[in-house]
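Below: the structure, in structure tokens.
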């Protein structure tokens, strides 16, 4: 963006005033002297051979900035200035994600439909299952979504939560956050090709095991990986289509079940027979990962407005997609808690509507797993790109394909999925929950610390309540994290702690490689300074 004179702004209708936006440096076309907030900025005409600028603040310090580097000048300091927007080269490489696809990407990051919630009824009965999906979102999902909305609009770039933690605690802990979250995401993604085949093996028994199953996992992973390679916009609209297909059979099931509903069945509860471990882990697994969408913030159209709206609508969509199918299943069919395991909704569909409805639900479950795979891989791969743009990973991770997608990040994430697909469902869920909890602890600390240290930093979306409100918001989910970690088995705890230890050593090793210049590391000039000396926090 270029400061212009008043006469030029009158002659060019494309010139417009901009406030609260990140300045982008371009070639100046005139001289202008601007003053505001005690700072005076002198800009001089530049020819095709660019010169330097100088900024003098109230302390009489001068910061010389190359004409091809980002200006470290707060827009709030340039009162009365006029600008012309010069788009970043990256902005034209790929289409941005709009509101509706973003809602469904969040939906698939978190949920994907009611498939997998059956164990809550098995563990605690209908009443506690229904209450769980009403109360648990208030304790966990809403706070996490609110924090994601505030931090994601404060740092709207692909590093997401890695950038939040780096800004608050430094790059070392930012890297640890990235390592744990990426690993937990890849572990989570290893579930979906396996679950997809589990729903199809009743129709195709050969997919139940052996070489045909291995080949099917590889083929499915490659096909879905290719869709991620083709672009995030394609993934977003595919997520919309798959989301509608996943939800629609339950709408039909609900209409069919109305004459058979008996509200008394919803009130069945036996406190003494609750399996709290299974109950809490199932709720936690089905209602987390709201922050994953932050690693795609750099690909979102107008993220400062779109991201909070998308999170709001996604929370409603996710809660309804869990609650109403549970109402149907527990209210329209006599209770048999032992039958409420993965895949039981297809049996309920057969009881209520027949074989055709069962096949529809099974198909919806299969495509739901496809949607969750694509959304998770998008988040994981763009996270690696964001870390590379911040200089935390080698520069080759930041390279994009001709579709604007992070090719190396996609290949790394897909390789991790294939290597982990042999693990059992229970082991995968437990390991990813453990690592995810560690990452969330760092996020809560970063959120509160930035509120305390930089209360006046620009926050396009700000949670009300001040610093005290921020602390109170984090207390319930922090307690829940402690409960989930306490229920972890020794095996899962040891494996997860080893993974954490690898991250603690990996970051210094990468710094050593950078120092020796064995691989190239660089920080993108398009990104703002997130240190305490940068304009973003001040």
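Glycine is no exception: its Cβ is also placed from the backbone N, Cα and C atoms.
Taken from TrEMBL as is:
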- 1-21: region 'Disordered' (REGION)
- 97-117: transmembrane segment (TRANSMEM)
- 123-142: transmembrane segment (TRANSMEM)
- 154-173: transmembrane segment (TRANSMEM)
- 211-229: transmembrane segment (TRANSMEM)
- 235-256: transmembrane segment (TRANSMEM)
- 311-335: transmembrane segment (TRANSMEM)
- 407-425: transmembrane segment (TRANSMEM)
- 431-452: transmembrane segment (TRANSMEM)
- 464-487: transmembrane segment (TRANSMEM)
- 493-513: transmembrane segment (TRANSMEM)
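Contact between the transmembrane segment (97-117) and the transmembrane segment (311-335) is supported: at least 3 Cβ pairs lie under 8 Å, counting only residues 6 or more apart in sequence.
Most Cβ pairs under 8 Å to the transmembrane segment (464-487), among the stretches 123-142, 154-173, 311-335, 431-452, 493-513, belong to 431-452. The highest tally of CB pairs under 8 A with the transmembrane segment (154-173), across 123-142, 235-256, 311-335, 431-452, 493-513, is held by 431-452.
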